[in-house]
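Per TrEMBL, domain 'SGNH hydrolase-type esterase' is recorded for 36-185.
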Amino acid sequence: MTWYEEEVQQLEKKIQSTPDLAGRTVFYGSSTIRLWTTLERDFPDKNVLNIGFGGSTLAACDWFFERLVLPTQPRSLIFYAGDNDLGDGRLSEEVFLFFSELVRKMQQHLPDVPFTFVSIKPSPARWHIIDRIRLANDLIRQKIDELPTYHYVDVFTSMLDSKGHPRWDLFEKDGLHLSSKGYALWQQILLQHPHIF
């Protein structure tokens, strides 16, 4: 996990210097979160904080949970990660185990904080592992269905076209990261679930 260290230290400084830190809706996860540069503008009345870090896996998010999430004292946590694990060759079941460990840490340290998992997106660049993406989403959704303060937000379905393929307009040219249209869609979907904030 050492190659994340520099960015994690920068996030720690950001957290320490954030005024009125406690009680925010914290967005945590991979570069899909980190690159959401319009997050505060997209949710102006939600008191959001972005602590995403680039290239992170769900496993890395587990690893840095105590250093990044706990100090923020979140009102709620909105989380996105998992596709980098799958892109690195991990199995869906392994991603599910990493997610289960994150749930364990949430229940241990932040038992009353609502948690939202944003489904793993159907990136064109990772279409060759779409079956693993679907299975990971299904396993995580089943787990969340058992937990009363946990929520699963499906962005996957809305990111497909009428033929069931990824909508390229929602992605950057790399076929992996979201375009401005992609983030606008996510904003629209998340606002349909006001209870997660």
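Residue numbers in this text run from 1 along the chain shown.
Using the three backbone atoms N, Cα and C, a Cβ is placed for every residue, glycine included.
Please treat TrEMBL annotations as automatic predictions, because they have not gone through curation.
Computed over the domain 'SGNH hydrolase-type esterase' (36-185), the whole-number mean pLDDT of the model equals 98. Helix, strand and coil counts under DSSP for the domain 'SGNH hydrolase-type esterase' (36-185) come to 74 helix, 20 strand, 56 coil.
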